[in-house]
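Summarising the annotation, Swiss-Prot assigns active site to H378. For 136-166, the entry in Swiss-Prot reads compositional bias 'Low complexity'. The feature disulfide bond is assigned by Swiss-Prot to C173-C188, C358-C374, C483-C488, C506-C513, with similarity to another entry given as support. The feature N-linked glycosylation site is assigned by Swiss-Prot to N240, N322, N366, N429, N490, with sequence analysis given as support. Per Swiss-Prot, the feature region 'Disordered' maps to 134-166, 312-335. Sequence annotations record features per position, and here Swiss-Prot assigns repeat 'PbH1 1' to 280-302. Under the heading repeat 'PbH1 2', Swiss-Prot lists 303-341. Marked as repeat 'PbH1 3' by Swiss-Prot: 342-363. According to Swiss-Prot, the repeat 'PbH1 4' annotation covers 364-384. Residues or ranges marked as repeat 'PbH1 5' by Swiss-Prot: 393-414. Sequence annotations record features per position, and here Swiss-Prot assigns repeat 'PbH1 6' to 422-444. Annotation source Swiss-Prot lists repeat 'PbH1 7' at 456-500. Feature annotation from Swiss-Prot assigns signal peptide to 1-16; the stated evidence is sequence analysis.
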Amino acid sequence: MKRCALLTPLLPLALACNNPNDPAHSCASIYSVSSDEAASFCATFTASVVSEPTGVPDAFLSACDSKIKHLSSACSCLGPVDSATATPVPATSTVPASVPVITTSTATATPSRIPVFVPSSSSSSAVVTFKTQIKSSSPGPSSSFAAAATTEAPTSTRASPYTPYTGNGGTTCTVTDYAGISSAVASCSNIMLSDVYAPPSSTIDLQDLQTGAAVIFAGKTTFGDTSDSDFDPIVISGTNLTITGTEDHVIDGNGQAYWDGQGSNGGSDKPDHFIVLKHVYNSVVANLNIQNWPVHCFDIENTESLTLTGITLDNSAGDEPNDSSDGDPAAHNSDGFDIKSSTDLILKDSNVYNQDDCVAITSGTNITVDNMYCSGGHGLSIGSIGGKSDNTVDGVVFSNSQVVNSQNGCRIKTNEGETGEVSNIKYENISLSGISKYGIVVQQDYLNGGPTGEPSNGVSITNVEFTDVTGTMSGGKDYYILCGDGSCENFTFSGVSITGGSDDSCNYPDSGCP
């Protein structure tokens, strides 16, 4: 029977939680040993509303280094809390409401925090398991799941029953060895990559997938060391695709082999983009669990009608310094989703734990980012804009999202001395907590090495709405707007209230900061 598995013991893999049986993970251990006591404060302790660890027992504070992010993450890994008392939990994995799925089960799944895809355990389609050899057969019909990607703004759903994806009816091939991937791509319409290890300098190349193909990651996908900034570990292209994972899978980017606190700004060579989606059309990427990527995670470019949903990105292992990072967090430039030159894209219902932009859009049109949970990074960003082959962003909505324990909340950044256009941007219903630098920031003096303090006006920024953006700062400025001469126009603020910062500065609009 095909079923939706929603069991709490699976959370450590789904969220890349620490092993409570490992003595090195004292925070996870105390939650496991004293789960009842933990549940009593986890019911109300969420990073979306807590900026100080008040009410947390001393033993938990000691084991978790008094860090809100560690406490909150461990609460998430503990499992579901009482819905009668809990505040809203981070965004969870859900299929877009407009995307039909195939189901053969009449069982009702119990809602949980991490609903996940479970591939078919039996099928009338041919099933071929192989290492380096496969049998070919005709592909089945294209997946209606993938073909139904929509540009309509999705409805936010934080926890709901989930129907597993059961394949597209064509040949299914299970790959357990890297050498078998290319043959499967050429011959199969359903491809399961099970516990695949990609050797050094070996890309998981999914650029020639059949139209309507499905790729399902199972077990643990791992990679050898490749010290090359031009190397992309996973590359995906195609039309009407479904890219997803089983309930217990994890894709591990081996970031610890590269992290040196410098990311792509220097230090050792490291893969600059972990997963590249390019020339992907009318497709769905759903329910992937990814951890420990070296630098940028998703590089999404030249796509059309693409939906990404239910994705958990966890790079929190890079928060701590290592021997190479000179006291700084080991991971750096660890953007979650970088989007460029894409049209009609939906990113929703996903969690990002990282050290840089949760989402960064540098070019594209008609993009919706909804129901995100962003922790530890640089917030929800437009930019940086300027100095690239495509420098136009038009029609972006960020909505119904939480940004916690991060450097920035809502950010628009344009490069000093460059040209481009940013228009029709909306931030609505965004909750901020523990923001250390800027709650809302628009700056036109940005450079990767540091802002110049002198804004330029080569990039126009017009028709920007901030609606119901609320929350608290742990320091820094609530608002910072630094526009070039005449380059900002028609900014509106409604229901905006950010507190806890100081020395706000806004040279636009004329009325000053909100």
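Yeah, the Cβs are placed from backbone N, Cα and C, and that goes for glycine too.
It should be emphasised that the depicted structure is a prediction, and the values quoted were computed from it without experimental measurement.
Annotated features taken from Swiss-Prot, shown on the structure.
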{"residue": "C374", "record": "disulfide bond", "contacts (Cβ under 8 Å, 6+ apart)": "G336, V352, C358, V359, L380, S401, Q402, V403, V404, S406"}
{"residue": "N429", "record": "N-linked glycosylation site", "contacts (Cβ under 8 Å, 6+ apart)": "S399, N400, S401, T467, D468, V469"}
{"residue": "C483", "record": "disulfide bond", "contacts (Cβ under 8 Å, 6+ apart)": "V442, Q444, P455, N457, I461, N507, Y508"}
{"residue": "C488", "record": "disulfide bond", "contacts (Cβ under 8 Å, 6+ apart)": "V442, Q444, S460, I461, T462, I481, Y508, P509"}
{"residue": "N490", "record": "N-linked glycosylation site", "contacts (Cβ under 8 Å, 6+ apart)": "T462, N463, V464"}
{"residue": "C506", "record": "disulfide bond", "contacts (Cβ under 8 Å, 6+ apart)": "Y479, Y480, I481, G512, C513"}
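Of the recorded residues, H378 (active site) and N240 (N-linked glycosylation site) place their C-alpha atoms 32 Å from one another. According to DSSP, the repeat 'PbH1 3' (342-363) comprises 0 helix, 15 strand, 7 coil.
With the fewest other C-beta atoms within 10 Å around its C-beta, C513 stands out among the disulfide-bonded residues C358, C513.
Across the repeat 'PbH1 5' (393-414), the model assigns an average pLDDT of 99. If you compare Cα positions, N366 (N-linked glycosylation site) sits closest to N240 out of the recorded positions C173, C188, N240, N322. Look at N490 (N-linked glycosylation site): DSSP puts it in a strand. For the repeat 'PbH1 6' (422-444), the DSSP counts in helix, strand and coil order read 0 helix, 21 strand, 2 coil.
Under the DSSP three-state reduction, C506 (disulfide bond) is assigned to strand. Per DSSP, the repeat 'PbH1 2' (303-341) is made up of 3 helix, 13 strand, 23 coil. Note on the repeat 'PbH1 7' (456-500): residues 51, 385-386, 391, 403, 405, 409-410, 412, 414-445, 506-509, 513-514 of its chain, located 6 or more positions outside it, place their CB under 8 angstroms from a CB of the stretch. Ranking the recorded positions C173, C188, N322 by Cα distance from N240 (N-linked glycosylation site) puts C188 first.
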